[in-house]
Each structure stands twice: as structure tokens, then as C-alpha cells.
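Peer 1: Below you will find the structure I want to go over with you.
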Amino acid sequence: MGGWAIAVHGGAGVDPNLPAERQEEAKHLLTRCLNIGISALRSSLPAIDVVELVVRELESDPLFNSGRGSALTANGTVEMEASIMDGDGRRCGAVSGISTVKNPISLARLVMDKSPHSYLAFSGAEEFAKQQGVEMVDNDYFITEDNVGMLKLAKEANTILYDYRIPITGLESCAASVESPIHMNGLPISVYAPETVGCVVVDGQGRCAAATSTGGLMNKMTGRIGDSPLIGAGTYAGELCGVSCTGEGEAIIRGTLARDVAAVMEYKELGLQDAVDYVIKKRLDKGFAGLIAVSNKGEVAYGFNCNGMFRGCATEDGFMEVGIWE
């Protein structure tokens, strides 16, 4: 074992015109979350507890698209989803269609720990949350002024937005600068920006864990489910590694991206970074995405095939990095 390691992300596919102050806000949040995770790891908290703790912090800050600040459906409401996986025994829990649970990642953890199932959705998940006594809030808590404005623009453009805090005043010029529209499941979208937050951790005992949470796509159809709650697609952890993905959910689902990192490590005997690079290059077809990963050896890696990814990582030997671009 090579000691503990942690990585966090706040979405892949960053608007190149994102103002410097927004970039700094994102880096500050990622740094804060990394430090929370580092402190927990130094206190010998298990990996599964650390990923939940860090993602709760990301969900509680409206900067990224999860929890408060989540993207809005076409009906102007929030439908969140999350998943968590403990590589020690490959236990997992996931939720979708969450509209009143303050921290969806903790509900996913309860599905894993307190139910006979791995995945609960919509009214069943909300009822389970009430039974477990988790903190509930009105749907309005999750809705921000920025996202109301972005939904309006999305409806006017009749498109789906991969949500990040693209400034509303600059969105029109950003969209106009895209010469060849990106396609999602064969349908064009005029603006590509990231979604989803995630955390992966290997603790000092070599146990890997992963957690992912999102509000999904801006102006998405009600009932749409992306990769984030799907074990093996947006989230995976096993004996060898922990992985959390972000980007075009439909492409991540088709490529079973998170599980494939572990698979090529196991079956092709690739190292962690080589496995990440292989999957990003070979499994996304024409999709755009990124991912973060840790190995049971204390390694950390990331990769993306789009214009930047909000990410941060740290290891027990003192290495720490927070970045957006290549």
C-alpha cells in the first residue's frame, strides 16, 4: 500500500470564456473540499466515510451542479441523483428523482447501509428518506437565480444545456461561437458545459471508495436518469480502484466508463493512469467526458477529452493539485 489519496471533481467540459473570478471560486471550493478530505484521512476515517463527507460539502455549495444549485428540469423543478460505492465488498447505494432531500449522497449511503436494495428512485426514494429521518427541504431550496436564467435561455434556444455556471450574460456569444454543434444521442445541442460532482478516495488501509452526485442536465425531460447514479457507469469502486465520472451521461452509460477503468486494470494489467487514458480514448466514441480515479496503491489519476475539467487531488506524501485546464 502506498498511503491514502483523494481526488474531487466539479465537472468536465469548461467554457473557455469562463471569467477568471468564476474559475477562482471553483478552485477555492475544490481546495476546501480537498482539505476536508485530507483532514478526515489523517484522522483515519474509512474511505467510504470520506467520500460521503466531501460530496456533502459539494452538494451544499451552489457553485457546482449538485444539491443546492442543481440544474432544472423542463418543468423548472430539481430532480437530483447520486450514488456511492465501497470497494471493500463492492457494496453500493444509489438514488434518482430526489427533490426534497438536502444531501442526496447521504440518502444513497443509507440505501447501501439500511435497505435490502442498491437503488431507489422518485417517490420510493423520498419515502425511504422520510423513514430514515434525513434532512428534508422544499424544492425551492435547490433553485438558484442563475439556474432560473439558464433554464429560460435553454427554453428559448430549444436545447438541453450541460450545466455549469456559464454566465448568463455571455451565454449567447458562447453558443454562437460553436461552429459544429455537439450531438447527444444523435441530437444536436448548442452549448456544452459540465455537470456532476464526485470524490474518490483510497484510505491508509488500501480501501477504495467513490461517490458521485448531480442535478443532471438543464432543461432535461422530467424523469431523465443519467450516469451518476448508475453503478459501473458514473461510479465504481472495487479492490483495485475507485472511479467517478462526469460529462455526457449518455456516452458514459454506453461505455460503462467507471467499471471499465477497473476492468482494464484487472484484465489488461494496466496501471491506473494508463487505464484512465485507455478508457477515455477508447470507450467514449464521439462523447465528451472526464473522470477521476484512485488505486489501492495510493495513486491518483484523472483524464478528460473535452475543454477542461474542474478537479483537485492530493496524496499522503504531500502532493496536492487543483486545476481546470490541461
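Heads up, residue numbers simply count up from 1 along the chain you see.
Glycine is treated like the rest: Cβ placed from N, Cα and C.
Heads up, TrEMBL stuff is auto-annotated, nobody curated it.
Below are the features listed in TrEMBL for this protein:
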| type | residues | note |
| --- | --- | --- |
| ACT_SITE | T196 | active site, nucleophile |
| BINDING | R224, I225, G226, D227, T246, G247, E248, G249 | substrate binding site |
Peer 1: I need the CA-to-CA distance for R224 (substrate binding site) versus T196 (active site, nucleophile), whole Å please.
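Peer 2: T196 (active site, nucleophile) has its Cα 15 Å from the Cα of R224 (substrate binding site).
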Peer 1: Please report the distance from the Cα of E248 (substrate binding site) to the Cα of T196 (active site, nucleophile), rounded to the nearest angstrom.
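Peer 2: That comes out at 10 Å between the alpha carbons.
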Peer 1: Give me the CA-CA distance between G249 (substrate binding site) and T196 (active site, nucleophile), in Å, as a whole number.
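Peer 2: Counting only the Cα atoms, the answer is 10 Å.
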Peer 1: About how far apart, in whole Å, are the alpha carbons (Cα) of T246 (substrate binding site) and the residue listed as 'active site, nucleophile'?
Peer 2: 6
Peer 1: Using CB atoms and a 10 A radius, I'd like the single residue among the binding-site residues G226, G247 with the highest neighbour count.
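Peer 2: Result of the Cβ crowding comparison: G247.
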Peer 1: Return only the integer: C-alpha distance in Å from I225 (substrate binding site) to T196 (active site, nucleophile).
Peer 2: 13
Peer 1: Let me check the 10 A CB neighbour count of G249 (substrate binding site). How many other CB atoms are there?
Peer 2: 30
Peer 1: For the residue listed as 'active site, nucleophile' and G247 (substrate binding site), determine the Cα separation and express it in whole Å.
Peer 2: 8
